[in-house]
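K.L.:
Input: one structure, supplied below.
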Amino acid sequence: MRYIATGQEVFRIDEFATNVIGIPQLVLMERAALRIAEHVKERFPAGAHVLIVVESGNNGGDGIAAGRILMMEGYDVEIYWVDGLKSASTGFDAQYAIAKKLNMKFVDELVNAGYDVIIDGIFGVGLSRAVMGRQAEVIKALNDMDGYKLAIDVPSGIDATTGFLLGTAFHADATVTFGLMKLGLLMGMGYEYAGEVSVVDIGFPKQAIDFVEPRLYTYDPKDVEELLPHRKRDSHKGTYGKVGIIAGSKNMAGAALFSAEAAYRMGCGLVRVCTVEENREIIQSRLPEALLTTYKEDDIDTMRSAMKTVMGWADVLVLGPGLGTGEAAQYLVDKVLRSFDGTVVLDADGINVLSEHMDLFETMHSKLILTPHLMEMSRLTNQSVTDIKANKYDLAREFAKRHNVVVALKDARTVVSDGGLQAYINITGTNGMATGGSGDVLTGIIAGLLAQGMDRFEATKLGVCMHGMAGQAAAEEKGQYSMIAGDIVRSIEQIIAKEAEE
Ligand SMILES: NC(=O)C1=CN([C@@H]2O[C@H](COP(=O)(O)OP(=O)(O)OC[C@H]3O[C@@H](n4cnc5c(N)ncnc54)[C@H](O)[C@@H]3O)[C@@H](O)[C@H]2O)[C@@H](O)CC1
Ligand SMILES: [K+]
(Lines of atoms letter the chains of each structure in order from A and count residues from 1; the text may use other names and numbers.)
(Lines give C-alpha, C1' and ligand atoms only; values in the text may rest on other atoms or scores of the structure.)
(Ligands and ions follow the chains in the order given, each with its own letter.)
Protein backbone atom coordinates (compact mmCIF):
# COMPACT_ATOMS: atom_id res chain seq x y z
CA MET A 1 0.00 0.00 0.00
CA ARG A 2 1.30 3.46 -0.72
CA TYR A 3 -0.14 6.88 -0.15
CA ILE A 4 -1.10 9.31 -2.88
CA ALA A 5 -0.95 12.85 -1.53
CA THR A 6 -2.76 16.03 -2.39
CA GLY A 7 -0.83 19.31 -2.62
CA GLN A 8 -2.18 20.38 0.78
CA GLU A 9 -1.13 17.11 2.40
CA VAL A 10 2.39 17.44 1.06
CA PHE A 11 2.52 20.96 2.39
CA ARG A 12 1.50 19.73 5.84
CA ILE A 13 4.03 16.89 5.73
CA ASP A 14 6.77 19.41 4.82
CA GLU A 15 5.70 21.64 7.62
CA PHE A 16 5.65 18.87 10.20
CA ALA A 17 9.05 17.58 9.10
CA THR A 18 10.69 20.99 9.28
CA ASN A 19 8.81 22.84 12.04
CA VAL A 20 7.82 20.08 14.45
CA ILE A 21 10.56 17.49 13.94
CA GLY A 22 13.16 20.11 13.09
CA ILE A 23 14.79 18.72 9.98
CA PRO A 24 16.28 21.82 8.37
CA GLN A 25 14.57 22.82 5.15
CA LEU A 26 17.96 23.05 3.43
CA VAL A 27 18.70 19.43 4.29
CA LEU A 28 15.53 18.32 2.53
CA MET A 29 16.34 20.62 -0.35
CA GLU A 30 19.83 19.20 -0.75
CA ARG A 31 18.47 15.67 -0.82
CA ALA A 32 15.84 16.70 -3.36
CA ALA A 33 18.54 18.29 -5.50
CA LEU A 34 20.71 15.18 -5.28
CA ARG A 35 17.89 13.04 -6.61
CA ILE A 36 17.33 15.42 -9.51
CA ALA A 37 21.04 15.38 -10.32
CA GLU A 38 21.10 11.57 -10.11
CA HIS A 39 18.24 11.37 -12.59
CA VAL A 40 20.24 13.43 -15.07
CA LYS A 41 23.49 11.55 -14.43
CA GLU A 42 21.81 8.21 -15.11
CA ARG A 43 20.81 9.44 -18.56
CA PHE A 44 23.44 11.94 -19.72
CA PRO A 45 27.24 11.89 -19.47
CA ALA A 46 29.29 14.67 -17.87
CA GLY A 47 29.69 17.56 -20.26
CA ALA A 48 26.02 17.52 -21.29
CA HIS A 49 24.45 20.95 -21.75
CA VAL A 50 21.84 21.53 -19.05
CA LEU A 51 19.41 24.43 -18.70
CA ILE A 52 17.69 24.95 -15.37
CA VAL A 53 14.80 27.40 -15.29
CA VAL A 54 13.79 28.66 -11.88
CA GLU A 55 11.45 30.98 -10.02
CA SER A 56 12.12 32.30 -6.53
CA GLY A 57 10.28 29.62 -4.51
CA ASN A 58 11.64 26.42 -3.02
CA ASN A 59 11.08 24.58 -6.28
CA GLY A 60 13.56 27.02 -7.80
CA GLY A 61 15.88 26.46 -4.82
CA ASP A 62 15.86 22.74 -5.62
CA GLY A 63 16.69 23.64 -9.22
CA ILE A 64 19.71 25.79 -8.38
CA ALA A 65 21.03 23.23 -5.92
CA ALA A 66 20.70 20.46 -8.51
CA GLY A 67 22.55 22.70 -10.97
CA ARG A 68 25.37 23.15 -8.46
CA ILE A 69 25.74 19.40 -7.97
CA LEU A 70 25.75 18.78 -11.72
CA MET A 71 28.22 21.59 -12.37
CA MET A 72 30.60 20.14 -9.79
CA GLU A 73 30.42 16.84 -11.64
CA GLY A 74 31.40 18.35 -14.94
CA TYR A 75 28.07 19.18 -16.58
CA ASP A 76 27.74 22.41 -18.56
CA VAL A 77 24.98 24.07 -16.51
CA GLU A 78 23.16 27.33 -17.24
CA ILE A 79 20.45 28.81 -15.09
CA TYR A 80 17.64 31.05 -16.22
CA TRP A 81 15.85 32.85 -13.39
CA VAL A 82 12.43 34.07 -14.50
CA ASP A 83 12.42 36.47 -11.55
CA GLY A 84 8.76 37.35 -11.71
CA LEU A 85 7.82 36.91 -8.03
CA LYS A 86 7.65 39.75 -5.52
CA SER A 87 9.65 37.89 -2.90
CA ALA A 88 11.91 34.88 -2.73
CA SER A 89 11.76 31.97 -0.27
CA THR A 90 14.61 31.65 2.20
CA GLY A 91 15.55 28.35 0.60
CA PHE A 92 15.86 30.02 -2.77
CA ASP A 93 17.86 32.93 -1.32
CA ALA A 94 20.33 30.54 0.27
CA GLN A 95 20.82 28.56 -2.93
CA TYR A 96 21.14 31.71 -5.01
CA ALA A 97 23.83 33.11 -2.70
CA ILE A 98 25.80 29.87 -2.91
CA ALA A 99 25.46 29.79 -6.70
CA LYS A 100 26.76 33.34 -7.00
CA LYS A 101 29.81 32.57 -4.84
CA LEU A 102 30.53 29.56 -7.04
CA ASN A 103 30.23 31.68 -10.18
CA MET A 104 27.52 29.54 -11.64
CA LYS A 105 26.39 30.64 -15.06
CA PHE A 106 23.12 32.63 -15.09
CA VAL A 107 21.77 33.52 -18.55
CA ASP A 108 19.81 36.74 -19.16
CA GLU A 109 17.89 35.50 -22.13
CA LEU A 110 16.13 32.32 -22.95
CA VAL A 111 17.49 31.06 -26.23
CA ASN A 112 17.25 27.69 -27.84
CA ALA A 113 20.93 26.89 -27.41
CA GLY A 114 20.69 23.18 -28.15
CA TYR A 115 20.35 22.04 -24.55
CA ASP A 116 20.50 18.31 -23.89
CA VAL A 117 18.41 18.64 -20.75
CA ILE A 118 15.90 21.29 -19.66
CA ILE A 119 14.93 21.26 -16.00
CA ASP A 120 11.78 22.95 -14.75
CA GLY A 121 12.13 24.53 -11.31
CA ILE A 122 9.57 27.28 -11.82
CA PHE A 123 6.65 26.13 -9.66
CA GLY A 124 6.14 23.03 -7.56
CA VAL A 125 3.41 22.26 -5.06
CA GLY A 126 3.27 25.96 -4.16
CA LEU A 127 1.39 26.79 -7.36
CA SER A 128 -1.89 28.34 -6.29
CA ARG A 129 -3.39 30.09 -9.32
CA ALA A 130 -3.19 30.21 -13.10
CA VAL A 131 0.24 30.84 -14.58
CA MET A 132 0.25 34.07 -16.57
CA GLY A 133 2.49 36.76 -18.02
CA ARG A 134 6.24 36.23 -18.03
CA GLN A 135 6.15 32.75 -16.44
CA ALA A 136 3.57 31.55 -18.97
CA GLU A 137 5.68 32.86 -21.87
CA VAL A 138 8.75 31.10 -20.50
CA ILE A 139 6.91 27.81 -20.11
CA LYS A 140 5.62 28.01 -23.68
CA ALA A 141 9.10 28.76 -24.99
CA LEU A 142 10.53 25.79 -23.08
CA ASN A 143 7.87 23.49 -24.50
CA ASP A 144 8.97 24.53 -28.00
CA MET A 145 12.62 23.71 -27.35
CA ASP A 146 14.26 20.37 -28.06
CA GLY A 147 15.98 18.43 -25.32
CA TYR A 148 15.03 16.05 -22.52
CA LYS A 149 12.54 17.81 -20.25
CA LEU A 150 12.59 17.09 -16.56
CA ALA A 151 10.15 18.59 -14.04
CA ILE A 152 11.12 19.04 -10.41
CA ASP A 153 8.42 17.65 -8.10
CA VAL A 154 5.47 18.72 -10.32
CA PRO A 155 5.47 20.20 -13.84
CA SER A 156 4.98 23.96 -13.48
CA GLY A 157 1.38 24.85 -14.25
CA ILE A 158 -0.11 21.56 -13.05
CA ASP A 159 -2.23 21.58 -9.91
CA ALA A 160 -0.65 18.96 -7.66
CA THR A 161 -4.04 17.92 -6.28
CA THR A 162 -6.41 17.89 -9.24
CA GLY A 163 -4.06 17.52 -12.21
CA PHE A 164 -5.81 20.52 -13.76
CA LEU A 165 -3.84 22.72 -16.10
CA LEU A 166 -3.53 26.12 -14.46
CA GLY A 167 -3.07 28.40 -17.45
CA THR A 168 -0.17 26.77 -19.19
CA ALA A 169 2.15 23.96 -18.11
CA PHE A 170 5.60 22.52 -18.67
CA HIS A 171 5.31 19.40 -20.81
CA ALA A 172 7.82 17.01 -19.25
CA ASP A 173 9.37 13.77 -20.42
CA ALA A 174 9.86 12.88 -16.79
CA THR A 175 9.00 14.18 -13.34
CA VAL A 176 10.97 13.41 -10.21
CA THR A 177 8.59 13.91 -7.32
CA PHE A 178 9.56 14.03 -3.66
CA GLY A 179 8.45 11.78 -0.82
CA LEU A 180 5.01 10.77 -2.02
CA MET A 181 3.17 10.40 -5.30
CA LYS A 182 0.99 13.46 -5.89
CA LEU A 183 -2.61 12.91 -6.90
CA GLY A 184 -2.34 15.59 -9.59
CA LEU A 185 0.36 13.60 -11.38
CA LEU A 186 -2.07 10.74 -11.89
CA MET A 187 -5.09 12.65 -13.07
CA GLY A 188 -6.22 14.68 -16.06
CA MET A 189 -3.61 16.86 -17.73
CA GLY A 190 -1.15 16.21 -14.92
CA TYR A 191 -0.90 12.62 -16.05
CA GLU A 192 -0.09 13.71 -19.59
CA TYR A 193 2.27 16.54 -18.73
CA ALA A 194 4.29 14.72 -16.07
CA GLY A 195 5.73 12.07 -18.40
CA GLU A 196 7.35 9.21 -16.57
CA VAL A 197 7.05 9.86 -12.84
CA SER A 198 9.50 8.61 -10.27
CA VAL A 199 8.80 9.03 -6.58
CA VAL A 200 12.04 9.51 -4.67
CA ASP A 201 12.78 9.53 -0.97
CA ILE A 202 14.21 12.77 0.38
CA GLY A 203 13.89 11.92 4.06
CA PHE A 204 10.39 12.90 5.11
CA PRO A 205 10.12 10.97 8.37
CA LYS A 206 7.38 8.38 8.72
CA GLN A 207 6.02 10.31 11.70
CA ALA A 208 5.28 13.30 9.48
CA ILE A 209 3.37 11.14 7.02
CA ASP A 210 1.50 9.30 9.80
CA PHE A 211 0.60 12.61 11.38
CA VAL A 212 -0.98 13.91 8.18
CA GLU A 213 -2.52 10.53 7.23
CA PRO A 214 -3.12 11.16 3.54
CA ARG A 215 -6.66 10.36 2.48
CA LEU A 216 -5.85 8.31 -0.59
CA TYR A 217 -3.76 5.21 -1.09
CA THR A 218 -3.25 2.67 -3.80
CA TYR A 219 -1.96 -0.86 -4.36
CA ASP A 220 0.98 -1.84 -6.49
CA PRO A 221 1.13 -5.15 -8.32
CA LYS A 222 3.46 -6.45 -5.60
CA ASP A 223 0.71 -5.89 -3.00
CA VAL A 224 -1.56 -8.23 -4.89
CA GLU A 225 0.35 -11.36 -3.95
CA GLU A 226 0.00 -10.54 -0.30
CA LEU A 227 -3.64 -9.54 -0.43
CA LEU A 228 -4.95 -12.49 -2.45
CA PRO A 229 -6.76 -15.08 -0.35
CA HIS A 230 -4.36 -17.98 0.11
CA ARG A 231 -5.35 -21.44 -1.04
CA LYS A 232 -5.03 -24.44 1.20
CA ARG A 233 -3.97 -27.87 -0.03
CA ASP A 234 -6.72 -29.50 1.94
CA SER A 235 -9.70 -27.98 0.18
CA HIS A 236 -12.64 -28.70 -2.09
CA LYS A 237 -14.81 -26.53 -4.31
CA GLY A 238 -17.04 -25.58 -1.39
CA THR A 239 -14.02 -24.01 0.32
CA TYR A 240 -13.85 -21.26 -2.27
CA GLY A 241 -17.44 -20.19 -2.21
CA LYS A 242 -20.41 -19.96 -4.53
CA VAL A 243 -21.16 -16.99 -6.73
CA GLY A 244 -24.61 -16.43 -8.23
CA ILE A 245 -24.79 -14.16 -11.24
CA ILE A 246 -28.15 -12.63 -12.00
CA ALA A 247 -27.52 -10.98 -15.33
CA GLY A 248 -28.31 -10.83 -18.99
CA SER A 249 -31.60 -10.42 -20.82
CA LYS A 250 -32.69 -11.58 -24.25
CA ASN A 251 -29.84 -10.97 -26.73
CA MET A 252 -27.59 -9.93 -23.83
CA ALA A 253 -25.87 -13.14 -22.77
CA GLY A 254 -22.37 -11.67 -22.87
CA ALA A 255 -22.64 -9.74 -19.62
CA ALA A 256 -23.46 -12.88 -17.65
CA LEU A 257 -20.71 -14.83 -19.41
CA PHE A 258 -17.96 -12.30 -18.74
CA SER A 259 -18.93 -11.95 -15.11
CA ALA A 260 -19.25 -15.70 -14.57
CA GLU A 261 -15.99 -16.61 -16.22
CA ALA A 262 -14.12 -13.84 -14.37
CA ALA A 263 -15.44 -15.16 -11.03
CA TYR A 264 -14.21 -18.65 -11.91
CA ARG A 265 -10.83 -17.37 -13.10
CA MET A 266 -10.38 -15.57 -9.79
CA GLY A 267 -10.62 -18.90 -8.09
CA CYS A 268 -14.12 -19.17 -6.63
CA GLY A 269 -15.46 -22.72 -6.28
CA LEU A 270 -18.77 -22.63 -8.13
CA VAL A 271 -20.66 -20.17 -10.29
CA ARG A 272 -24.35 -20.31 -11.08
CA VAL A 273 -25.71 -18.08 -13.83
CA CYS A 274 -29.29 -17.02 -13.40
CA THR A 275 -30.62 -15.55 -16.62
CA VAL A 276 -33.47 -15.64 -19.17
CA GLU A 277 -34.34 -18.97 -20.78
CA GLU A 278 -33.27 -17.61 -24.21
CA ASN A 279 -29.62 -17.52 -23.02
CA ARG A 280 -29.52 -21.19 -22.01
CA GLU A 281 -27.78 -22.54 -25.07
CA ILE A 282 -25.08 -19.93 -25.38
CA ILE A 283 -24.17 -20.06 -21.70
CA GLN A 284 -24.02 -23.86 -21.73
CA SER A 285 -21.89 -23.98 -24.82
CA ARG A 286 -19.55 -21.11 -23.92
CA LEU A 287 -19.15 -21.83 -20.21
CA PRO A 288 -20.13 -25.40 -19.41
CA GLU A 289 -18.45 -25.04 -16.00
CA ALA A 290 -21.29 -22.79 -14.83
CA LEU A 291 -24.47 -24.09 -13.25
CA LEU A 292 -27.56 -22.57 -14.78
CA THR A 293 -30.97 -21.43 -13.56
CA THR A 294 -33.27 -19.72 -16.03
CA TYR A 295 -36.53 -17.77 -15.95
CA LYS A 296 -38.95 -16.17 -18.37
CA GLU A 297 -39.20 -12.40 -18.23
CA ASP A 298 -42.94 -12.49 -18.82
CA ASP A 299 -43.64 -15.14 -16.19
CA ILE A 300 -43.28 -13.94 -12.65
CA ASP A 301 -43.59 -17.43 -11.19
CA THR A 302 -40.47 -18.57 -13.01
CA MET A 303 -38.59 -15.49 -11.79
CA ARG A 304 -39.69 -16.04 -8.22
CA SER A 305 -38.59 -19.64 -8.24
CA ALA A 306 -35.26 -18.86 -9.97
CA MET A 307 -34.52 -16.22 -7.36
CA LYS A 308 -35.37 -18.64 -4.59
CA THR A 309 -32.94 -21.16 -6.03
CA VAL A 310 -30.04 -18.78 -6.58
CA MET A 311 -30.46 -16.90 -3.30
CA GLY A 312 -30.70 -20.12 -1.33
CA TRP A 313 -27.55 -21.42 -2.98
CA ALA A 314 -25.11 -18.53 -3.36
CA ASP A 315 -22.72 -17.00 -0.84
CA VAL A 316 -22.36 -13.88 -2.97
CA LEU A 317 -24.40 -12.38 -5.79
CA VAL A 318 -23.68 -10.23 -8.83
CA LEU A 319 -26.80 -8.40 -9.90
CA GLY A 320 -27.43 -6.18 -12.87
CA PRO A 321 -25.11 -6.59 -15.87
CA GLY A 322 -27.16 -6.65 -19.06
CA LEU A 323 -30.39 -6.96 -17.09
CA GLY A 324 -32.30 -4.13 -18.78
CA THR A 325 -34.44 -1.73 -16.76
CA GLY A 326 -37.92 -3.00 -17.56
CA GLU A 327 -40.46 -4.54 -15.19
CA ALA A 328 -38.62 -7.84 -14.94
CA ALA A 329 -35.38 -6.13 -13.90
CA GLN A 330 -37.25 -4.01 -11.38
CA TYR A 331 -38.81 -7.10 -9.88
CA LEU A 332 -35.45 -8.88 -9.64
CA VAL A 333 -33.59 -5.98 -8.06
CA ASP A 334 -36.35 -5.37 -5.54
CA LYS A 335 -36.66 -9.04 -4.67
CA VAL A 336 -32.95 -9.68 -4.23
CA LEU A 337 -32.09 -6.56 -2.27
CA ARG A 338 -34.99 -7.10 0.12
CA SER A 339 -34.41 -10.81 0.72
CA PHE A 340 -30.74 -11.71 0.26
CA ASP A 341 -28.70 -10.94 3.34
CA GLY A 342 -25.27 -11.71 1.89
CA THR A 343 -23.13 -9.40 -0.24
CA VAL A 344 -24.42 -8.21 -3.61
CA VAL A 345 -22.25 -6.60 -6.27
CA LEU A 346 -24.74 -4.30 -7.98
CA ASP A 347 -23.73 -3.00 -11.38
CA ALA A 348 -25.00 -1.40 -14.58
CA ASP A 349 -28.76 -1.83 -15.02
CA GLY A 350 -29.02 -2.95 -11.42
CA ILE A 351 -27.73 0.51 -10.44
CA ASN A 352 -30.05 2.20 -12.90
CA VAL A 353 -33.04 0.45 -11.40
CA LEU A 354 -31.90 1.32 -7.88
CA SER A 355 -31.49 4.99 -8.79
CA GLU A 356 -35.21 5.05 -9.68
CA HIS A 357 -36.10 3.37 -6.37
CA MET A 358 -33.82 4.96 -3.82
CA ASP A 359 -36.29 4.00 -1.07
CA LEU A 360 -34.88 0.48 -1.43
CA PHE A 361 -31.90 1.63 0.63
CA GLU A 362 -34.25 1.79 3.63
CA THR A 363 -35.61 -1.72 3.29
CA MET A 364 -32.78 -3.76 1.80
CA HIS A 365 -31.10 -6.60 3.63
CA SER A 366 -28.18 -7.09 1.28
CA LYS A 367 -24.71 -5.78 1.96
CA LEU A 368 -24.08 -3.76 -1.16
CA ILE A 369 -21.11 -3.04 -3.34
CA LEU A 370 -21.98 -0.55 -6.04
CA THR A 371 -19.77 -0.19 -9.11
CA PRO A 372 -21.15 2.85 -10.96
CA HIS A 373 -19.38 4.64 -13.78
CA LEU A 374 -19.71 8.43 -13.86
CA MET A 375 -23.08 8.44 -15.66
CA GLU A 376 -24.54 5.88 -13.28
CA MET A 377 -23.21 7.86 -10.31
CA SER A 378 -24.87 10.91 -11.80
CA ARG A 379 -28.21 9.07 -11.83
CA LEU A 380 -27.70 7.92 -8.24
CA THR A 381 -26.82 11.35 -6.91
CA ASN A 382 -28.54 13.78 -9.29
CA GLN A 383 -25.23 15.57 -9.77
CA SER A 384 -23.63 16.41 -13.08
CA VAL A 385 -20.84 14.24 -14.43
CA THR A 386 -18.51 17.26 -14.38
CA ASP A 387 -19.17 17.84 -10.69
CA ILE A 388 -18.69 14.18 -9.92
CA LYS A 389 -15.41 14.07 -11.82
CA ALA A 390 -14.07 17.07 -9.93
CA ASN A 391 -15.19 15.64 -6.60
CA LYS A 392 -14.82 11.91 -6.91
CA TYR A 393 -13.33 11.23 -3.53
CA ASP A 394 -15.81 13.28 -1.50
CA LEU A 395 -18.84 12.06 -3.41
CA ALA A 396 -17.92 8.40 -3.26
CA ARG A 397 -17.24 8.74 0.44
CA GLU A 398 -20.44 10.63 1.24
CA PHE A 399 -22.55 8.20 -0.72
CA ALA A 400 -20.91 5.15 0.82
CA LYS A 401 -21.30 6.57 4.29
CA ARG A 402 -24.90 7.68 3.90
CA HIS A 403 -26.08 4.35 2.53
CA ASN A 404 -23.66 2.04 4.31
CA VAL A 405 -22.34 0.57 1.07
CA VAL A 406 -19.00 0.20 -0.64
CA VAL A 407 -18.70 2.30 -3.79
CA ALA A 408 -16.26 1.77 -6.63
CA LEU A 409 -16.69 4.92 -8.70
CA LYS A 410 -15.32 3.88 -12.07
CA ASP A 411 -13.24 6.22 -14.15
CA ALA A 412 -9.73 6.23 -15.59
CA ARG A 413 -8.77 6.46 -11.91
CA THR A 414 -11.39 4.49 -10.04
CA VAL A 415 -11.97 5.48 -6.42
CA VAL A 416 -13.17 2.91 -3.88
CA SER A 417 -14.70 4.08 -0.60
CA ASP A 418 -16.46 2.39 2.30
CA GLY A 419 -17.41 5.76 3.75
CA GLY A 420 -14.29 5.95 5.96
CA LEU A 421 -11.78 8.79 5.85
CA GLN A 422 -9.28 6.91 3.71
CA ALA A 423 -10.17 5.77 0.23
CA TYR A 424 -8.43 3.70 -2.40
CA ILE A 425 -7.52 5.19 -5.77
CA ASN A 426 -6.63 2.85 -8.56
CA ILE A 427 -3.61 3.36 -10.77
CA THR A 428 -3.63 0.16 -12.80
CA GLY A 429 -5.46 -0.16 -16.12
CA THR A 430 -5.36 1.24 -19.61
CA ASN A 431 -7.68 3.13 -21.92
CA GLY A 432 -8.10 -0.06 -23.96
CA MET A 433 -10.44 -1.15 -21.16
CA ALA A 434 -13.07 1.31 -22.33
CA THR A 435 -14.67 -1.54 -24.25
CA GLY A 436 -18.06 -3.28 -23.99
CA GLY A 437 -18.19 -5.88 -21.23
CA SER A 438 -15.16 -4.62 -19.31
CA GLY A 439 -17.35 -3.64 -16.33
CA ASP A 440 -18.99 -7.08 -16.31
CA VAL A 441 -15.55 -8.62 -15.88
CA LEU A 442 -14.95 -6.40 -12.84
CA THR A 443 -18.14 -7.61 -11.12
CA GLY A 444 -17.03 -11.22 -11.56
CA ILE A 445 -13.54 -10.50 -10.22
CA ILE A 446 -14.90 -8.82 -7.10
CA ALA A 447 -17.48 -11.56 -6.53
CA GLY A 448 -14.80 -14.23 -6.95
CA LEU A 449 -12.74 -12.60 -4.20
CA LEU A 450 -15.75 -12.18 -1.91
CA ALA A 451 -16.64 -15.84 -2.32
CA GLN A 452 -13.18 -16.76 -1.05
CA GLY A 453 -13.88 -14.91 2.16
CA MET A 454 -12.55 -11.41 1.58
CA ASP A 455 -14.33 -8.53 3.20
CA ARG A 456 -16.43 -6.14 1.08
CA PHE A 457 -14.05 -3.19 1.01
CA GLU A 458 -10.92 -5.31 0.60
CA ALA A 459 -12.41 -7.40 -2.21
CA THR A 460 -13.55 -4.31 -4.09
CA LYS A 461 -10.17 -2.57 -3.87
CA LEU A 462 -8.19 -5.63 -4.81
CA GLY A 463 -10.71 -6.47 -7.55
CA VAL A 464 -10.40 -3.02 -9.11
CA CYS A 465 -6.61 -3.24 -8.96
CA MET A 466 -6.48 -6.70 -10.53
CA HIS A 467 -9.05 -5.81 -13.17
CA GLY A 468 -6.73 -3.00 -14.25
CA MET A 469 -3.73 -5.32 -14.23
CA ALA A 470 -5.58 -7.86 -16.35
CA GLY A 471 -6.53 -5.04 -18.72
CA GLN A 472 -2.88 -4.04 -19.02
CA ALA A 473 -1.88 -7.61 -19.75
CA ALA A 474 -4.59 -7.85 -22.40
CA ALA A 475 -3.45 -4.58 -23.98
CA GLU A 476 0.12 -5.84 -24.12
CA GLU A 477 -1.01 -8.86 -26.07
CA LYS A 478 -3.74 -7.42 -28.28
CA GLY A 479 -3.08 -3.69 -28.29
CA GLN A 480 -5.20 -0.86 -26.89
CA TYR A 481 -7.44 -0.70 -29.94
CA SER A 482 -8.13 -4.36 -30.47
CA MET A 483 -8.44 -5.75 -26.97
CA ILE A 484 -11.95 -6.82 -25.95
CA ALA A 485 -13.54 -7.83 -22.66
CA GLY A 486 -12.88 -11.53 -23.30
CA ASP A 487 -9.16 -10.74 -23.46
CA ILE A 488 -9.33 -9.17 -20.01
CA VAL A 489 -10.92 -12.35 -18.64
CA ARG A 490 -8.31 -14.51 -20.35
CA SER A 491 -5.53 -12.38 -18.84
CA ILE A 492 -6.64 -12.89 -15.25
CA GLU A 493 -4.68 -16.13 -14.99
CA GLN A 494 -1.47 -14.32 -15.97
CA ILE A 495 -1.70 -11.84 -13.15
CA ILE A 496 -2.52 -14.20 -10.34
CA ALA A 497 0.96 -14.76 -9.04
CA LYS A 498 2.09 -18.33 -8.57
CA GLU A 499 3.31 -17.31 -5.10
CA ALA A 500 -0.28 -16.97 -4.01
CA GLU A 501 -0.55 -20.74 -4.31
CA GLU A 502 0.81 -22.48 -1.27
N1 LIG B 1 9.11 22.63 2.05
C2 LIG B 1 9.93 21.59 2.02
O3 LIG B 1 10.18 21.00 3.04
C4 LIG B 1 10.51 21.16 0.74
C5 LIG B 1 10.10 21.71 -0.45
N6 LIG B 1 10.68 21.41 -1.60
C7 LIG B 1 10.35 22.08 -2.86
O8 LIG B 1 9.57 23.21 -2.65
C9 LIG B 1 8.47 23.23 -3.52
C10 LIG B 1 7.40 24.07 -2.94
O11 LIG B 1 7.96 25.33 -2.74
P12 LIG B 1 7.16 26.67 -2.45
O13 LIG B 1 6.15 26.41 -1.43
O14 LIG B 1 8.18 27.70 -2.18
O15 LIG B 1 6.41 26.98 -3.78
P16 LIG B 1 6.82 26.92 -5.31
O17 LIG B 1 8.28 26.94 -5.46
O18 LIG B 1 6.07 25.79 -5.88
O19 LIG B 1 6.19 28.29 -5.86
C20 LIG B 1 6.74 29.55 -5.53
C21 LIG B 1 5.74 30.58 -5.14
O22 LIG B 1 5.05 31.07 -6.28
C23 LIG B 1 3.88 31.74 -5.90
N24 LIG B 1 2.84 31.40 -6.89
C25 LIG B 1 1.96 30.36 -6.84
N26 LIG B 1 1.22 30.32 -7.97
C27 LIG B 1 1.65 31.35 -8.75
C28 LIG B 1 1.30 31.82 -10.05
N29 LIG B 1 0.37 31.21 -10.77
N30 LIG B 1 1.94 32.87 -10.55
C31 LIG B 1 2.91 33.47 -9.84
N32 LIG B 1 3.29 33.07 -8.61
C33 LIG B 1 2.68 32.03 -8.07
C34 LIG B 1 3.56 31.28 -4.51
O35 LIG B 1 3.66 32.37 -3.65
C36 LIG B 1 4.60 30.18 -4.24
O37 LIG B 1 4.98 30.16 -2.91
C38 LIG B 1 8.16 21.78 -3.72
O39 LIG B 1 7.43 21.55 -4.89
C40 LIG B 1 9.55 21.20 -3.79
O41 LIG B 1 10.08 21.33 -5.08
C42 LIG B 1 11.92 20.65 -1.59
O43 LIG B 1 12.94 21.59 -1.45
C44 LIG B 1 11.99 19.66 -0.51
C45 LIG B 1 11.62 20.20 0.83
K1 LIG C 1 8.47 22.22 -11.35
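Heads up, the Cβ atoms here are built off N, Cα and C, so glycines get one too.
If you look up TrEMBL, you'll see 58-62, 124-130, D153, A255, G322, H373, D440 marked as (6S)-NADPHX binding site. Here TrEMBL flags N59, D120, S156 as K(+) binding site. Under the heading AMP binding site, TrEMBL lists K410, D411, A412, R413, T414, G439. Residues annotated as domain 'YjeF N-terminal' in TrEMBL: 10-210. According to TrEMBL, the feature domain 'YjeF C-terminal' maps to 220-499.
Quick one: how deep are these features, and who are their neighbours?
P.N.:
In the three-state DSSP assignment, the secondary structure recorded for G61 ((6S)-NADPHX binding site) is helix.
DSSP assigns R413 (AMP binding site) to coil in the three-state reduction, outside any helix or strand. Applying an 8 A CB threshold to same-chain residues 6+ apart, the list for R413 (AMP binding site) reads L186, M187, K392, I425, N426, I427.
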K.L.:
Given a 10 Å Cβ-Cβ cut-off, pick out the one of the binding-site residues D120, D153, D411 that has the most other Cβ atoms nearby.
P.N.:
D120
K.L.:
Could you state the CA-to-CA distance between T414 (AMP binding site) and S156 (K(+) binding site) to the nearest Å?
P.N.:
26
K.L.:
Between 0 and 100, where does the mean pLDDT of the domain 'YjeF C-terminal' (220-499) sit?
P.N.:
94
K.L.:
Determine which residues of this chain, when N59, D120, S156 are set aside, have a Cβ within 8 Å of the centroid of the K(+) site's Cβ atoms, and list them as they appear in the sequence.
P.N.:
V53, V54, E55, G60, G63, G121, I122, F123, G124, A151, I152, D153, V154, P155, F170
K.L.:
Does G61 ((6S)-NADPHX binding site) have same-chain partners at least 6 apart in sequence with Cβ under 8 Å from its own Cβ, and which are they?
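P.N.:
Sequence-distant Cβ neighbours: M29, V54, S89, G91, F92, A94, Q95, Y96, G121.
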